[in-house]
Amino acid sequence: MAKRTATELLNPAKQDGQAFHKVSASGSRRPDVAADEMGEFEDAWEDEIESDEEVTNAQDDEQEDSMDIDQVLPAVEESDEQPPPADVYIPGTHHLGKDEILEPDDSVYIMRHTMNVNWPCLSFDILRDSLGDERQRYPATSYLVAGTQADIASNNEVVVYKLSSLHRTQKDGDDSDSENEDDDDDLDEDAIIEYRSIPHLGGVNRTRAQPLPSSQPLPPVSQPYHVATWAETGKVHIWDVRPLIESIDVPGYTYDKTRTNTPVFTINSHGRAEGFAMDWAASGSSSLRLLTGDVHSKIFLTTSTPSGFNALSQPFTSHTSSIEDLQWSPSEPTVFASCSADQSIQVWDVRSKGRKSVAGITTAHESDVNVISWNRKSSYLLLSGGDEGGIKVWDLRNVQKRGSTQADPTPVASFAWHKAPITSIEWHPTEDSIFAASGADDQVTMWDLGVEQDEDEAGMDDTPEGQHVPPQLLFVHQGQKDVKELHWHPQIPGSIISTALDGFNIFKTISV
């Protein structure tokens with residue numbers, strides 16, 4: 001069975017310490033003691049010399065008073081007993097006391113770093129770089145783009161971050177084998193954060209970067225790298241962030257602010273209706289396609305042309321409540337899925353007339369369906385997360401066509417571990433059975449559908465308090481306040497970046 005995280009529950013200990021003061025080179029020195037010409041040098045630390053008679057008397061007294069030590073102090077026996085293990089904190093079962101805090105167990109993390117920000121960034125995306133795919137060496141580097149939720153509309157920004165010097169948290173195996181080797185990639189040091197920003201009017205509800213082909217370097221600075229932002233004003237802006245990346249990477253590089261600070265295109269199709277759902281179609285065609293969905297249940301498609309972007313005027317309308325998430329199919333370029341606060345999941349084909357869904361699940365969850373994720377390897381599998389905290393896996397081959405009178409299909413798998421709304425969910429980019437989810441219960445969980453419970457292990461995953469721990473649950477990451485979004489890093493296998501009200505976490509566990 002796969003490993004699970006062990007998060008220690010410790011009482012906070014106050015550690016007082018003060019470094020020794022350094023002596024100033026210009027400070028006064030201790031005065032030298034001048035020797036008396038007629039006297040003797042006096043050594044304050046001189047040992048007193050005992051006479052032979054004093055030594056003899058001391059030995060006699062010691063023999064008279066001596067006794068067997070074992071008669072007074074029993075022999076110290078070495079114990080093979082191990083110290084008791086640290087308490088494992090299980091969300092929903094254990095509760096923190098008044099003066100208790102959670103301490104992460106770094107032995108289960110290969111890498112773990114935190115990053116604080118000036119304003120909460122409730123949505124972000126990972127930017128592709130030219131450092132290569134399948135990267136395993138440390139220190140690592142990652143590029144992000146995020147949108148802020150500032151106190152007033154005019155203080156918001158779109159920020160491009162470069163996180164470098166992401167060192168390992170855990171060392172490998174026997175340290176003695178690597179004493180003479182270069183251990184620079186095993187150092188646990190603070191990461192280096194660099195960033196450039198673009199002014200953005202209004203809070204950013206969702207941020208998505210244009211997908212770039214894998215195994216290809218970043219486009220030259222003369223070509224655009226598009227990022228779309230859903231603003232709370234009801235507008236969707238498309239920006240070119242390529243010069244910002246160049247400015248971070250190349251010292252002294254200056255960019256034209258008229259190119260970066262002004263949107264390449266603004267989508268006004270939604271009027272003043274706010275929205276959260278947005279997704280770019282995977283690269284591979286000559287034109288770009290961007291879907292956006294608003295709280296008034298409308299979905300609009302924007303495409304690119306040689307002369308720029310074009311927002312189609314006719315919306316897709318089959319939902320009856322707010323559009324919460326959108327996902328293009330990874331295998332069919334004209335098909336996408338959506339989820340809504342009307343509890344349904346709909347499947348669409350942009351070629352269909354009337355802009356209506358072609359299939360769907362009428363009641364996918366007991367409450368709002370917040371997020372969905374389409375499996376890139378097994379394209380018939382779709383993940384969904386609900387407002388009730390449930391996670392479900394659907395086989396789209398069983399989804400009924402629009403107008404069918406048959407009942408909704410049952411999910412392939414269903415999990416009820418989270419105790420608050422699911423805020424983000426995403427399949428692993430290369431492993432078709434692994435996914436990660438985040439919830440408003442301050443948890444980021446990692447799952448593997450390929451793990452099955454043996455009959456001999458039945459009941460072993462139950463906590464002492466009776467809560468069942470699903471065998472598919474690989475890892476629980478905690479420590480952030482109100483986690484909003486997560487993404488697997490496409491070029492650093494197994495690494496996850498998550499954002500919350502108190503900043504970002506980037507980590508890689510021993511489980512994946």
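Each residue, glycine too, has its Cβ placed from N, Cα and C.
Since the structure is predicted, the reported quantities are computational estimates derived from the model, not experimental observations.
The compositional bias 'Acidic residues' annotation in TrEMBL covers 34-66.
Sequence annotations record features per position, and here TrEMBL assigns domain 'Histone-binding protein RBBP4-like N-terminal' to 99-167.
Per TrEMBL, the feature domain 'EIPR1-like beta-propeller' maps to 315-447.
For 1-66, the entry in TrEMBL reads region 'Disordered'.
Residue counts for the repeat 'WD' (316-358) under DSSP, split into helix (H, G, I), strand (E, B) and coil, are 3 helix, 18 strand, 22 coil. Among the features that TrEMBL reports, repeat 'WD' is placed at 316-358 (among others).
Across all of the repeat 'WD' (362-404), the predicted model scores a mean pLDDT of 96. According to TrEMBL, the feature repeat 'WD' maps to 362-404 (among others).
Annotated repeat 'WD' per TrEMBL: 415-449 (among others), in sequence order.
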Secondary structure content of the repeat 'WD' (415-449), with strand meaning DSSP E or B: 0 helix, 19 strand, 16 coil
Non-local residues, at least 6 beyond the ends, that sit with Cβ under 8 Å of the repeat 'WD' (316-358): 275-282, 284-285, 289, 291-301, 364-376, 379, 382, 384, 394, 396, 399, 401-402
